[in-house]
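K.L.:
What Swiss-Prot shows for this protein is this:
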ACT_SITE  H191  active site, proton acceptor
BINDING   G12, A13, A14, G15, Q16, I17, G18, N106, Q113, V130, G131, N132  NAD(+) binding site
BINDING   R93, R99, N132, R166  substrate binding site
Amino acid sequence: MSKAPMRVAITGAAGQIGYSLLFRIASGEMLGKDQPVILQLLDLPQAQQAVKGVMMELEDCAFPLLAGMVATDDPNVAFKDADVCLLVGARPRTKGMERADLLTANGAIFTVQGKAIAENAKEDVKVLVVGNPCNTNAFIAAAAAKKVGRTNPNNYHGMLRLDHNRALSQLAGKTGRAVSSLKKLVVWGNHSPTMYADYRFCTSNGDSVKALVNDHAWNNDVFLPTVGKRGAAIIEARGLSSAASAANAAIDHVRDWVLGSDEWVTMGVPSDGSYGIPAGIVFGFPCECKGGKFSIIQGLEIDEYSREKINFTLKELTDEAEAVKDML
C-alpha cells in the first residue's frame, strides 16, 4: 500500500535555491523513493507568476511521487499541516547594509514564519532554515514558535551542512582520499566565516585524517579560510550566490534527519548546554539521526585550539542573539 503524502513547505520558492530544490524533492531524493509529496510553495505576491512557471515545469516532469502543489503568498496557507518546512526565503544583504540591519529585517520575516508554522504545521514538524543568517533566523523562528506552543522548538534548525560538505571536499583534495571514505567530521558554530571545521576525529578507511594531513599551517591558513569564505569565492566566480550546493545541503540535512543516518552529521540545532554552549543558541554540532530524531554526540574532547575557535564563533552568535533580543 502506498504511503500517505508528506507535505513540504518551501519559502522563497521562486528563487535560485528553490529552483534547485524543488525538482529533487519531487523526485524522491529528500524523503525517499517511495514517499509521495505535496509541495506548498510560499513567495511574495510579486513572485507568484514566477512560482506558477516553476509549477508548470514540475507538472511537465510527471514525477510519480508528486501528489499535489499549492502556491501562495500567505504563510498560514503554506505551512498548513506541513511535515517539513524549508525556510529558504530571506532578506539578502544589500550594498552598504549593516549586519544589524540585516538581522532586524530578517527578524521580522522569521518571527511571522515561526508563529505561522507553530499555529498551522504538524506538531512534529521539522524546520530547516536555509536563508541567512540561518542560525539566528532559526533562533528567531524557534522563539516565535515557543510562544505559541504545539511544535517542538528543538526542531528549528539552521543549515550547517553546506559548510560540512565544503570541508569534506577540501579534505578529500588534500588527502587524496574519496569523499565517501571520510567519516566523523564536525563543523562547530555559525554558518559564517567564523565556523570551525574540525577533523580531529575524522577517519578515512580507518586512518586518522588529522595524521594524514599533519599540517597545522594548512589547517589554519588554507583549510579553515577556504571553507569559511567559500560562499564569497563562488559569488566572485559565478556572479551569483551558491544555489545548487545550498539546495543539495538542505536535502542532505532533511534526508538524514527524517530517514536516519549511520554517519556523524553536522546540524545547526538549539543547544541543550552541550560543550558549554548556552541553551537555545542555534549552533553547529556533531549529531546522529535515528527514527526521525536527532541527538548531539557527547563526550568529544575539546582541546585548547578548538575551544578558542568554538568560543570565537559562539561570540558572533551571542552578539547576533543580543541584537535581536527586543524582537523575541
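Just so it is clear, glycine is given a Cβ too, placed from its N, Cα and C backbone atoms.
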K.L.:
For N132 (substrate binding site), what is the secondary structure state per DSSP, taken as helix, strand or coil?
P.N.:
coil
K.L.:
Distance between R166 (substrate binding site) and Q113 (NAD(+) binding site) at the Cα atoms, whole Å?
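P.N.:
Cα to Cα, R166 (substrate binding site) and Q113 (NAD(+) binding site) are separated by 29 Å.
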K.L.:
Using the alpha carbons only, what distance in Å do you get between Q16 (NAD(+) binding site) and R93 (substrate binding site) once rounded?
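P.N.:
Approximately 16 Å lies between the Cα of Q16 (NAD(+) binding site) and that of R93 (substrate binding site).
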K.L.:
Quick check on the binding-site residues: of Q16, Q113, N132, whose CB has the lowest count of neighbouring CB atoms inside 10 Å?
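P.N.:
Fewest other Cβ atoms within 10 Å, among the binding-site residues Q16, Q113, N132, is found for Q16.
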K.L.:
Considering only the recorded positions G18, Q113, H191, which residue has the minimal Cα-Cα separation from R93 (substrate binding site)?
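P.N.:
Ranked by Cα distance from R93 (substrate binding site), first place goes to H191.
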